[in-house]
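Novice: I'd like to ask you about the structure that follows.
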Amino acid sequence: MLLVLVLAPFAGSLAAICIPTDKATPAAWLSGGVALFCLATAAGLYPVIASGRVLRYDVHWLPEFGLNFTLRMDGFAWMFASLVTAIGLLVVVYARYYMSASDPVPRFFSLFLAFMGAMLGVVLSGNLILLAIFWELTSIVSFLLIGYWHHNAHAREGARMALTITGTGGLSMFVGLMLLGHIVGSYDLDVVLSSGDLIRSDPLYTTVLALILLGALTKSAQFPFHFWLPHAMAAPTPVSAYLHSATLVKAGVFLLTRLWPVLAGTDAWFWIVGLAGLSTLLLGAYFAIFQQDMKGLLAYSTISHLGLITVLLSLGSPLAAVAAIFHTMNHATFKASLFMAAGIIDHETGTRDMRRLSGLFRHMPFTATLAMVASAAMAGVPLLNGFLSKEMFFAEAIETHKYNILDTMTPYVATLASMFAVTYSLRFIHSVFFGPQPHDLPKMPHEPPHWMRAPIEFLVFACLVVGIVPSWTIGPFLHTAVKSVLGDATPVYSLAIWHGWNLPLFMSVIALVGGVGLFLIMKRYLATSVEGPPFFRRLEGQRIFERVLVTLSWKWARSIEMRAGTRRLQPQMRILVAVALLAGAVTLLTQGFKPAAIVLRSIDPAFALIWLIGMICAVGAAYQAKFHRLAALVLLGGAGLVTCITFVWLSAPDLAVTQLLVEIVTTVLILLGLRWLPKRIEDPNDPEIMTFSTRMRRLRDLAFALFAGLGMMIISYTMMSREMPETISSYFLERAYSEGGGTNVVNVILVDFRGFDTLGEIAVLCIVALTVFALLLRFRPATESLETPEQQRVQNAFDDEHPHRKTGDSIAEYLLVPSVIMRWMFPVIGMLSAFLFFRGHDLPGGGFAAGIAMSIGFILQYMAGGTRWVEERLRIHPLRWMAIGLVIATATGLGSWLFGYPFLTSHAQYASLPIIGKIPLATAILFDLGVFSLVLGATVLMLIALAHQSVRAPRAQHVRAARAAAKEST
Amino acid sequence: MELVLSAAIGVLTASGVWLLFRPRTYQVIIGLSLLSYAVNLFIFGMGRLRVNAPPLLEPGGAGGLLTHTDPIPQALVLTAIVIGFAMTALFLVVLLASRGFTGTDHVDGRE
């Protein structure tokens with residue numbers, strides 16, 4: 001059940017994103033259904049939870065590291081889960097009417113459900129690491145939701161700020177939780193919760209505490225990290241109501257409460273949490289008074305109330321913890337309804353500025369009444385739920401918990417902050433609903449649709465019944481939640497409204513009277529003042545944050561880039577090679593590397609002669625590559641051929657075959673490319689060649705090159721002269737036939753033992769081919785190479801001179817005899833390819849070689865007959881071949897799942913199976929067929945895409961010429 | 001044998017690295033190809049050089065390193081050859097596109 005509860009919102013989120021963007025209603029129904037389902041699921045679990053049981057759901061993930069997917073639900077988690085789902089449901093109903101049809105509504109609901117899932121994950125996690133994962137998920141989804149109107153700069157900025165702050169906090173919390181797990185020896189929440197003494201006495205306790213608190217305080221927008229919350233108000237109002245009052249910001253408080261039994265009670269806890277909470281409580285309330293934006297006021301009030309809960313948790317007494325849990329619920333109810341009311345006003349009037357709004361009571365009496373009741377709850381007026389938890393707070397504030405100045409201050413600060421709360425609540429109501437008729441509003445205000453108001457009605461009703469008959473309504477649920485956190489330490493507490501004439505009541509009266517008085521004094525000023533509180537206006541956390549961000553990510557980064565970076569490739573290459581050389585040299589020299597003694601005896605003169613040619617080719621290619629590209633290509637081919645001969649010589653026929661074939665294809669490819677690469681003509685007067693610095697640069701590069709070459713020579717010689725150590729090669733040699741069913745060990749390794757690598761490799765080949773194809777689709781050749789090549793021009797000129805010849809005849813007749821032979825070679829090459837393919841498992845060959853051989857067959861046809869000729873006669877669909885190849889290879893791998901074996905298990909080795917026993921190698925050869933098809937497709941695709949340019953380019957030229965002519969004529 | 005091959009690897013590497021530092025795109029492509037020969041031969045050399053050793057097993061039999069060539073470096077190099085081809089093709093097309101786009105064949109896209 002727990003798993004369903006967490007997964008349902010995510011499933012709903014995936015489903016919602018599939019709904020077309022203009023279909024708002026189905027998305028709302030879907031989200032509402034999911035929220036209702038989750039709420040019902042949670043409600044159904046209540047009897048079990050109420051009996052004191054803890055539900056658990058375990059999936060082993062990496063049990064060796066203590067990482068398990070554990071979900072756990074106790075009374076407290078249940079309370080939060082119901083809060084998340086219930087308010088989620090109400091907000092969905094509200095959002096259905098709030099969201100405008102022009103917004104991509106399904107995306108909103110999708111993100112909304114994802115958030116609900118992440119939040120449920122946070123509260124239900126039974127493993128610290130899992131908790132951290134869901135925690136980060138809430139940050140990310142919150143980022144996306146705040147930035148939902150991403151065309152709005154404020155929204156983007158607010159989203160980024162929220163993510164930066166909560167993300168940083170989340171990261172430190174993650175470290176803290178890992179340390180906590182390290183101290184306890186387990187990440188399991190149950191184990192952690194039962195080892196409080198161990199944690200508090202550990203030397204790492206303070207570090208853990210600081211790190212976790214950083215995470216919790218940033219998330220709950222506690223001073224000095226509070227400033228992201230007002231900026232997050234750029235989000236759509238349903239998001240503010242849900243995330244930034246009822247759920248997301250409560251995650252920090254949730255974590256504090258969750259870990260309260262193991263972390264609280266020490267001086268460090270008291271000071272950090274208490275100081276943060278008290279300052280947030282006071283400053284938040286103070287700032288809220290001076291906001292002109294309705295949502296801004298509510299945001300600061302939220303900050304202040306979160307501060308109140310934090311203060312309660314800091315006190316370390318069980319009664320205070322009860323009050324904290326109680327206030328968490330109460331705040332969620334009244335604040336969510338207030339946000340929704342603010343959203344309605346914004347929606348109906350078009351502004352949230354309290355200086356422009358007034359007298360709305362006449363236009364929307366119902367909404368006004370509801371907002372007034374909710375504000376009264378926020379202010380702590382008796383007979384409402386806010387009053388109850390505030391009384392409990394006052395009672396706790398008076399109690400002495402620790403003998404220090406902070407504890408002495410608490411009651412005074414509490415009263416003052418409550419006074420402020422009364423003032424801003426009054427201000428909210430008064431300036432919006434009372435006063436003269438509103439004028440010049442963007443829209444004419446009127447009551448919203450009934451169902452848009454219904455969620456507020458429900459929440460306000462909850463405020464009332466909880467406020468009037470607490471012990472009948474919220475009592476049992478609260479008790480279950482409290483019991484699960486405090487366990488045996490659960491104190492006796494009373495939810496009654498009337499506790500007699502006592503000090504807390506007196507404080508409430510002071511706060512109420514003082515707040516009203518303060519409002520009367522400040523009314524005039526507030527009606528016209530600018531945004532933000534006096535004195536603090538300039539000292540904004542946001543500015544500091546931005547300055548830090550600019551310095552870190554822009555100024556410093558820029559200056560480092562200016563000093564240490566370069567956009568030029570050559571210095572980068574030099575650094576790269578230099579680092580590699582240095583790393584190699586240092587390692588070898590410090591590890592006692594001894595070059596092997598040179599033995600001249602065993603040199604085979606023929607082999608040496610071949611390589612002499614090879615080396616000359618290599619150096620020649622290096623020398624000619626700048627001005628004589630064709631020569632360099634020929635020389636490169638020479639070096640390749642010598643490499644190929646080496647493979648034959650040294651008993652590696654597979655490599656020789658593949659190398660030879662690849663050599664051919666590469667040469668053809670580069671030849672095709674050379675057509676589009678304008679010649680470089682050597683200019684002896686080019687001053688660049690002669691300068692001193694150029695010479696020095698070349699000398700330095702030469703030194704690098706020689707050093708690298710010499711190093712490689714020494715290393716490879718030493719390595720090759722050593723005895724062969726025992727490697728896993730023997731494993732493959734021993735099992736290639738008995739388990740892989742083939743005598744060509746190299747091929748068996750490729751298609752069987754390491755089949756997964758090969759699958760990855762052909763995927764890379766596929767991606768490269770597609771990239772080449774895509775790049776060439778919009779290819780613009782160099783302007784110098786656009787003309788018809790010189791040879792063609794000469795041939796065409798020859799045709800034009802002779803009256804009995806048509807233009808193009810020479811080109812058609814060119815290489816007539818070889819082209820006939822090439823055409824006839826096609827079936828022969830096809831046969832060779834099939835031969836290579838089928839012998840692959842037992843003899844040199846295989847899918848790679850066969851694929852490339854076949855593609856050579858195709859390219860020969862292109863060379864012999866020309867592009868048009870071939871494509872009139874043959875159907876060539878390289879993309880399709882690639883797709884088929886990839887599908888065959890993957891399906892072969894997946895096929896082994898049907899038999900219960902791991903991915904890509906070859907079936908040839910299970911010869912005892914009746915059917916497969918008759919045809920061993922069955923799946924390996926299928927896999928190789930996939931490789932063949934893909935290699936063929938990819939190679940042909942690349943070659944043809946390049947070859948097609950010569951067909952395309954004249955056409956483009958033609959069009960351009962026609963356009964130019966048209967322009968001239970007009 | 002070993003000496004010749006290691007000298008060859010050295011020369012191929014030196015030529016490749018030299019070309020890698022050159023300013024023209026075509027030089028870099030040729031350099032990378034030369035370097036990949038060197039690296040392939042180097043990896044191949046890890047299995048030691050064997051003349052006339054059987055690369056294939058007898059049907060039904062099992063092989064050992066004493067009698068047979070080392071299959072792992074060969075399998076690695078086989079993969080490397082194909083990937084090297086793909087890399088050359090990609091760079092070639094990028095080179096051509098960059099030449100057409102920027103009007104120069106300098107590696108930085110400007111002289």
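Think of each number as a place in line: the chain as shown, counted from 1.
Cβ atoms are placed via backbone N, Cα and C, with glycine included.
Sharing the record's features from TrEMBL:
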DOMAIN    A:64-109  domain 'NADH-Ubiquinone oxidoreductase (complex I) chain 5 N-terminal'
DOMAIN    A:125-406  domain 'NADH:quinone oxidoreductase/Mrp antiporter transmembrane'
DOMAIN    A:614-679  domain 'MrpA C-terminal/MbhD'
DOMAIN    A:696-793  domain 'MrpA C-terminal/MbhE'
DOMAIN    A:818-940  domain 'Na+/H+ antiporter MnhB subunit-related protein'
TRANSMEM  A:31-55  transmembrane segment
TRANSMEM  A:76-98  transmembrane segment
TRANSMEM  A:118-149  transmembrane segment
TRANSMEM  A:204-229  transmembrane segment
TRANSMEM  A:241-263  transmembrane segment
TRANSMEM  A:269-290  transmembrane segment
TRANSMEM  A:297-315  transmembrane segment
TRANSMEM  A:575-593  transmembrane segment
TRANSMEM  A:656-678  transmembrane segment
TRANSMEM  A:699-720  transmembrane segment
TRANSMEM  A:814-837  transmembrane segment
TRANSMEM  A:924-947  transmembrane segment
Novice: Please give the sequence-distant neighbours of the transmembrane segment (A:656-678): residues at least 6 beyond its ends with Cβ less than 8 Å from one of its Cβ atoms.
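Specialist: Result: 629-630, 633, 637, 640-641, 643-645, 647-648, 781-782, 784-785, 789, 836, 844-845, 848-849, 852-853, 855-856, 859, 863, 939, 942-943, 946-947, 949-950.
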Novice: Within the domain 'MrpA C-terminal/MbhD' (A:614-679) only, compute the mean pLDDT.
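Specialist: Mean pLDDT, the domain 'MrpA C-terminal/MbhD' (A:614-679): 90.
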Novice: Quick test of the contact rule: Cβ under 8 Å, at least six residues beyond the ends. What residues does that give for the transmembrane segment (A:699-720)?
Specialist: 574, 577-578, 581, 584-585, 588, 593-596, 598
Novice: According to DSSP, how is the domain 'MrpA C-terminal/MbhD' (A:614-679) divided among helix, strand and coil residues?
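Specialist: Going through the domain 'MrpA C-terminal/MbhD' (A:614-679) residue by residue, I get 54 helix, 0 strand, 12 coil.
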Novice: Given the transmembrane segment (A:31-55), which of the listed stretches A:76-98, A:575-593, A:924-947 has the most Cβ pairs that are under 8 Å apart from it?
Specialist: A:76-98
Novice: Can you count helix, strand and coil residues in the domain 'NADH-Ubiquinone oxidoreductase (complex I) chain 5 N-terminal' (A:64-109) using DSSP?
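Specialist: Counts, helix then strand then coil: 31 helix, 7 strand, 8 coil.
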Novice: How many helix, strand and coil residues does the domain 'MrpA C-terminal/MbhE' (A:696-793) contain under DSSP?
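Specialist: Reading the DSSP string over the domain 'MrpA C-terminal/MbhE' (A:696-793) gives 75 helix, 1 strand, 22 coil.
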